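Participant: Here you go, one structure.
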Amino acid sequence: MVKELVDMSTRERIHAIRDLPMSFEEKKSIRSQVLAFKSANQSPHFTGFRDFTENASVTLRRWGYSVRSARQTLQLWQGTMKEIGGRFGTSVLTYFMFLKWLLVFNVVSFLINFGFITIPLLVHDHTPNLPPNVNFRGLEILTGAGYFNYTVMYYGSYSNETLVGLGEYNLQLAYFFTISLYMVLCGVALIFSMAKSFKENYVLSDPASSSAWQILCSWDFSIVNERAITQRKNNLSVQLKESLSEGAQTEMLTRSEKMKHFGIHLGSWLLSTSLAFGCGSGIYFLCQTTDDSSWTPLQEAETLLVPFVVSLMNLVVPLFYSLFNKFEVYSNQRKQIYVLLVRNVILKISILSILCYYWMQVVAKKFSCWESMVGQALYRLVLFDFLFLMLGSFFGEFLRKWLLPNLGVPEFDVARNVFELIYAQTLVWIGIYFSPLLPVIQILKCFIFFYVKKVSLAQNCQPPRRTGRAAQMQTILIALLFFPSFVGALSIVAYTAWSLTPSKQCGPFRGLNNTFGAVGIWIDNLQQSSSSYWVIWIYHHVIRSEVFYFFLALIVIIIIYIFWQVTQGRKQLIVQLRQQIVN
Amino acid sequence: MGNKQTIFTDEQLDAYQDCTFFTRKEILRLHGRYHELAPHLVPMDYTNDPDCKLPLALIVNMPELKENPFRNRIVEAFSEDGMGNLSFNEFVDMFSVLSETAPRELKAIYAFKIYADFNVDNFLCKEDLEKTLNKLTKEELTPEEVDLVCEKTIEEADLDGDNKLSFADFENMISRAPDFLSTFHIRI
């Protein structure tokens, strides 16, 4: 084995030694044997060079280790996470880790936007050009309009000039490329974490109902709180007794019972989808009636009505869905959670798509500086979402403990809470194009939410009863974050950039036919100045040509098909091997 | 990284960082925790590799292990003499395997050691399962139920039909449980 280790590169060797199932003493002796072997075997020539490379590699490794240490000191909230994990277990901890991850996304977004877009503008012209009689009143914090309308918070205040200072800085192009860069970074990060999650957590069958799994794999070693451990032991006993009694009586449902169950399922699905669409159309009519551009205080307060109703629906309708869920009968609990999740997704998608349709089709054609209006609407939505979540947490968790103690201590519902976070992040992603500093509010939200949820958890909730689906749930939630949430936001921003006419009097793209025209103008300028031919060539033959994308899609489809066939083949191989072991 | 500490030599710290999943800071912190378990027994200077072992009773009193139903088995699995006395290297080893970054295969090997009675044989037989189940549920189940559950477990997980679970069976079950990596984890 020492021979094999000697032949590997340094990094592989370290990984291999770490993974050995031996005690530390034995690993240390193996390591020193390998190092002695290596140094004894090297040629006696070039001793100076050899010493130099050895010292360099040792120093490099030490430097890598100290970077790891430094990153650990920067980790936020380490102690709190340990405490929460110790009392509530790993599945509840996934909510807080998700929160921290979203916080990082938003901090990166804020830094990128602030650095590349806002700072150049502030340097160039840092006084907002207010019309004569607009001052700061308190209402702006809620409505986002009024005084805020003329600050760098919204699209409308960004100019389309080219700053000439140390070099030329084209604000128009900077805006376009910064937003695209941020979206691309987000997409890449999400795809990578989704793929990693799939790779680690993909299972071929659901083991969580078998007793073997319950005894041998389900105990959470990170819980250190005595009460929590006693509770877990009780839960486990209850689950084991349940699974024993389930095994004893395998229910054979009669045909009429099956029809009844099917009827209930169908009824609930119809009710929930019609609720979702009803909410959507209600919002649409509400938007149309509160549609005014004159700014008396009463009409400004009216603009608060739409976000209020949206957040109210987001809070109340899922409660109805849980109610329907209680009447339905499912064969296993996993299906129940998925159905609930799908219904909530349909609700949010219908509300958001109606709002976006209204903004893209009606607001864009009616108002002069429509991007700022959309930005303000999004700001109000984000703010009210935050207020209502706080209220919901207060009523759902704090008051329930005091006023309705006979309902039992609430469980911390990880899926629902993460879903709220995903919705909030979707709003921010849609809003980045219209209001570049919107991530600031999301950062504040994440911070405050961490502490509120931590306190609420400690005081009011008990750990979830059914353990064991944390990894799969995490994979699904990350997939939800990518697919409807990020892709939806990206498509809305892309549609805005491609098809809608920017407003003529404000914003960095004023006067152009569509946002993408800014790049076209830049390419034309480059052509005229006859430099950087490769950029122009790439633009005309790669980005603007449809044939390129067609071939790219074709190649990707072929690769996916090949991988799929390989997976199928491997699955068959596993079945065959298993047969051989049994026989 | 610049701060002079006299507990370990640099080569020792390099060896620790290469052979375990901890960084230099964590190793120093672990030494602090080991030291505070028995301040008069554990020397502050480890540069000449002192031979100091702490008994089982002291180790299982740590807050991370105190309430764990498997605390004795965990410490015994990592002690060389099998009685639960841990030197500092074995202490680091234990928390390294139980840390977040340890790979699944390594954790599976030690989990098997913890659940099975490795002094007797290398299999998880029915008595081992019964003992594990009793630790996990603390006399809530009747003896018949315990018997039934253990039989069901062996039935589900045993692939080669010898009525006990070998390491291969155990590892096969672990590979289908993605949560195992995050639940077999003690934060220190």
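Just so it is clear, glycine is given a Cβ too, placed from its N, Cα and C backbone atoms.
Note that the structure is a prediction, hence the values are computed from the model and not measured.
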Participant: Which one of A:147-169, A:262-284, A:423-445 shows up in TrEMBL as transmembrane segment?
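Facilitator: That would be A:262-284, per the transmembrane segment entry in TrEMBL.
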Participant: Tell me, please, if the transmembrane segment (A:304-324) and the transmembrane segment (A:380-399) are in contact, taking contact as 3+ Cβ pairs under 8 Å between residues separated by 6 or more positions?
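Facilitator: Answer yes, regions in contact.
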Participant: Across the domain 'TMC' (A:369-471), what is the average pLDDT of the model, as a whole number?
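Facilitator: The predicted confidence over the domain 'TMC' (A:369-471), as a mean pLDDT, is 82.
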Participant: Any residues 6+ beyond the ends of the transmembrane segment (A:173-192) with a Cβ under 8 Å from its own?
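Facilitator: Same-chain residues near the transmembrane segment (A:173-192) but 6 or more away: 105, 108-109, 112-113, 116-117, 120, 158, 429, 432-433, 436, 478, 481-482, 486, 490, 493, 497, 508-509, 515-516, 518-519, 522.
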